[in-house]
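Student: As annotated in TrEMBL:
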COMPBIAS  10-20  compositional bias 'Gly residues'
DOMAIN    336-420  domain 'APAF-1 helical'
REGION    1-56  region 'Disordered'
REPEAT    506-547  repeat 'WD'
REPEAT    547-588  repeat 'WD'
REPEAT    680-721  repeat 'WD'
REPEAT    722-763  repeat 'WD'
REPEAT    764-805  repeat 'WD'
REPEAT    806-847  repeat 'WD'
REPEAT    849-881  repeat 'WD'
REPEAT    891-923  repeat 'WD'
REPEAT    1152-1193  repeat 'WD'
REPEAT    1194-1235  repeat 'WD'
REPEAT    1235-1268  repeat 'WD'
REPEAT    1277-1311  repeat 'WD'
């Protein structure tokens, strides 16, 4: 948003008709020389006249001085969204309108005192606000109105109940920054600024009070200033391309003599970042803030600067780009020196680390600009390789600000190796954005980025950086185990990897995405959804920059050829033209009486044609929004069919073709008011899609009759019939050159056709479900297909082979769009996400880790925790080594998806069941024996590592750590830091106050610009080495551990073993305390690969008839209870494959013996002698399996039962129902124990292993935990944002694991109901369990994409009771 231009400046501004040269010879003649106007203002007049001068000096960034006319004043106020006297009463507030500040709310900057900082050998004045000298001062006469602030920064809502516009290009409220309307509250909490005449004097200030405002307030002011100056639109998110120093947009321009000394310094100012007056004071060496303001006003009167005064009392300036480029071109050496001097001033000549600079609202945004300008690329590279700094900047200034830093480096990087490393970091950052933005208060960006760089590090790139960052991550997590929420690190590269094909995941919709469009400039992507929301995404940064909300599901989208506007259509029969620059709705198209199914924009950007279920098409003028023609004819007189399903326009914009479910297509002459030229008849089914061929008048149509046809649209003749598909055709796409057409079909294939001859070129066969859409790149070398199986295929058009299968979507992929050059593809899916893929990286794609072909439906660890079994919707069973995260065995056993699984109590057997009644019996005894051998070896390795560390750890004179005594598992950490965190204070503070860090040991200087000592607060490794828990010295039973350094932290906590040289497929060595290493030993994968044992022992074959609704197994894995959808319940002997008893027969509804309603689930006790069934008849029944009779009925519920659980000691039965209650009953005799009420209906219930706790998952995604011993309810666990899918306990009863469709897994410490750790994946979590020997220190999670994640949850990360 911009500020209004004034009609006249009373403080020496240019009068109407005056020239800038005439003004420069007047009042401001001595500004540059002295830093002050000739005649200082008295205190009584300062508040009024200076405010007016600042207000009157606000100019357009490319404009000159405003004319003093009434017309200009009226025109200015037309763009004002706040109420003012001269507002045009006929003009409504538009969403894209600019806002101005009323003159009555422009305060003076605070009076400042001057201090000097040595800067390049010269003394530079640094303005220090007097409000920091005398706290508690107030800014008299300034009205702090939240309404006024909102008028400054927030566009007014349009006068429409349909359109709701929003943009987050400059709004960071969702990223941890308070809304502008809360500014007054924030300011009041932090203390008000001193008034302009509060008598600050020249008193010296403490070092920590050097900066004018707190970081949070300065950040807020910077964001508001960007809004005021018009950077709140796409300018704030775009990455401007720096002008070359040789380029001078203003050749021959010379500033006035009075400003000649100050003007060249503007060449060091960034083009897109507002600059506070304090910084300009440093540049110009002004002795006071009044002098700085006077110089700024002089520049503003010449159109060189724009000024804005905010309600918090701060003043900001934005130089005109052409003047910045001119200064940089004419005085390059001086500008380079200024860049360097600014960096040195902020870093106090290298005594303050660049990543520890205090945020004054400017330097954090402009630091990369100054580092590049001063040639300090290596310093910028180190900043970009600091995930903590990136995360802090992300949540402070948004995605665009961080990506801008990466771009600045990459544009200047000399070494290709360094550039490649930074590119990989940028890709990891972009892949991590969805998770980081979803959890703005959790420190997790480093963990996410590291998890996405595992494959890169394993390949040798960034290996040292990866090891260093992983060590720091482990140390910080250990220190913060009891103070903050931890993000778990995967042990294997199971998340989408940087350097791979997938570049970004666009999350934000709450419904399926049917269509996606890419702007011709390849900068923006528009997605539409059934949630009624259209979102614009910046292709460079992966951030949603604006959205449009409609009152109905959106159905079609198109972007104009100049990329300036998008047209979105809705199911309510309306369409809107949306300006992508301002976010304003330009036109609303109303006229259709049915759902709009399709739209097409001509290549000239003149017309848009929409097709609707009202059997018509309409031609709309994009310039004036009028309907030029109604295309009527489809459906004929019957009116039963005729919905227009697709529309296309030829290259010259003269012809349009619509296709319909009336089996025909129609050709329309757009230059003759939509006259119908021809009816294209010949198809024997719905005609679903149409596309013109290149620049010709040929058109290709596809139909449900399994054929496609190529027509001469100008003559209405069918040229070719394309046959070969065996299923309905869904879509056709033609390459931009018009050589090839590709058709997508329900027969799971796509076919490529020669548009000149109609001959078949390729059959693209490889999907497991119908192909929904397809596209061909401009050069015709690659094709991409998307399918209902959730995958995308990349095909080599020359060889006809699939290059890569892109997996990531968790539902049907409905559409695909390609960029102009075909480098990137964007796919839209029913999983509410769109994904960006790099097709050029497909050929270099690394071999992915094995995944299931569908969602992971079941996960269980064997009793010793050293092996994990997963089952999926693809009917396959995988055996995993959880310590290495390696798949040991992949087995096929079911023809349909596996839904049920049980591991025997002894751990040697596993039963799996599928919906076709097939039950397989797997024997893992040989694999368990191998895992036990390796587990013993791992324990010995761990012991040797501990002994080696104890032997060498004290030699350096370091201080040992006292720790709590925990029993370590096979993969556990080296020691527990149970008592460390309470002594650590608040930990590291990014963007710290700089200069000096106060620690328990005194004041310590922090790191300099490149290298210097860091305090223990900044270096977690130093913190671990330096701190000793209170009270440990007198505890003779405390376990004493060595000093921990980056080299002595156990590898399993620091870096996944696969990246440390002890890989799953190669021999490993163990350090010996006596020097040398232990003998090489085989990995578990090597041992398993030598086994000739076939795990599948027996199988109950699939059966015809009703499908399986639920299954339950006994602890010995010999008995199975099977519930079918017809409510029959039978018990089977799995070994013999015979049905031993039938508890409920088909059609049986005798309420005296069985349920009178449908049965929802069945459960078995460990011995298999007792069964429990729950039903829609509001009851549960406990059965004697041998006698096939009911022991007792659990009644009392008033609605159907949905879930149940049996306690570990089999004493209690919990039943959950839609009546919002859970009833606890004694399983032995049916005695009621408790009735537990809940605010929402429960969906799942789970007893803890010790039977003390019971967790209940509710429909609103919250979890309630009941203490059954103390008979009380603990605080609810309400962090999830989607339906729950997993509710399970750790074997030691300490942690509750919850996971669901919000892609997150969360671990709750039950003693204080605190969320200890979480993990966010790329897809919904569908199954999870704990693993690890002795103590569960690994969390295993399976997701809807078929990926299995192994998450490190070492004892050191599990916290301790306070």
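Backbone N, Cα and C atoms are what each Cβ position is placed from, and that goes for glycine too.
Just so you know, TrEMBL annotations are computer predictions that nobody has curated.
Burial and contacts for the listed features, if you can.
Tutor: For the domain 'APAF-1 helical' (336-420), the model's pLDDT averages out at 91.
Within its own chain, the repeat 'WD' (506-547) has Cβ neighbours under 8 Å at 165-169, 234, 237-239, 398-400, 402-403, 407, 430, 433-434, 438, 553-559, 561-563, 566, 568, 570, 578, 580, 583, 811, 814-821, 824, 826-836, counting only residues six or more beyond its boundaries.
Under 8 Å from some Cβ of the repeat 'WD' (680-721) lie the Cβ atoms of residues 645-652, 655, 657-661, 663-667, 727-734, 736-739, 741, 743, 745, 747, 753, 755, 757-758, all in the same chain and six or more residues away from its ends.
Beyond the ends of the repeat 'WD' (764-805), by six or more residues, the same chain brings 501, 727, 730-731, 733-737, 739-740, 742-752, 811-818, 820-822, 825, 827, 829, 831, 837, 839, 842-843, 845, 853, 1345 to within a C-beta distance below 8 angstroms of the stretch.
Per DSSP, the repeat 'WD' (806-847) is made up of 3 helix, 20 strand, 19 coil.
Helix, strand and coil residue tallies for the repeat 'WD' (891-923), in that order: 0 helix, 19 strand, 14 coil [DSSP].
Among residues of the same chain six or more beyond the repeat 'WD' (1152-1193), those with a C-beta under 8 A of the stretch's C-beta atoms are 905, 1109-1116, 1118-1119, 1121-1123, 1127, 1129, 1131, 1141-1144, 1199-1206, 1210, 1213, 1215, 1217, 1219, 1227, 1229-1230.
Within its own chain, the repeat 'WD' (1194-1235) is flanked in space by residues 1157, 1160-1161, 1163, 1165-1166, 1170, 1172, 1174-1182, 1241-1251, 1254, 1256, 1268, 1271, which lie at least six positions past its ends and keep a Cβ under 8 Å from the stretch.
Sequence-remote contacts of a segment are chain residues at least 6 beyond its ends whose Cβ falls under 8 Å from one of its Cβ atoms, and for the repeat 'WD' (1277-1311) they are 435, 488, 865, 1243-1250, 1252-1253, 1255, 1257, 1259, 1261-1265, 1317-1330, 1335-1336, 1339, 1341, 1343, 1351, 1353, 1358-1359, 1361.
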Student: With DSSP as the yardstick, break the repeat 'WD' (722-763) down into helix, strand and coil residue counts.
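Tutor: Grouping H, G, I as helix and E, B as strand yields 0 helix, 23 strand, 19 coil.
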Student: Would you mind splitting the repeat 'WD' (764-805) into helix, strand and coil residue counts from DSSP?
Tutor: 0 helix, 25 strand, 17 coil
Student: Go through the chain and flag residues at least 6 beyond the ends of the repeat 'WD' (891-923) whose CB is under 8 A from any CB in it; none is fine as an answer.
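Tutor: 854, 857-858, 860-864, 869, 871-879, 1093, 1095-1103, 1105, 1107-1108, 1110-1113, 1115-1117, 1120, 1122, 1124, 1132, 1134-1135, 1166.
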Student: What else in the chain is close to the repeat 'WD' (806-847), if you only count residues 6 or more beyond its ends and a Cβ gap under 8 Å?
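Tutor: Same-chain contacts beyond the ends: 455, 459, 496-497, 499-507, 509-518, 520, 522, 525, 527, 529, 537, 539, 542, 769, 772-775, 777-779, 781-782, 784-794, 855, 1322-1324, 1343-1346.
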Student: Give me the DSSP three-state residue breakdown of the repeat 'WD' (1235-1268), ordered helix, strand, coil.
Tutor: 0 helix, 20 strand, 14 coil
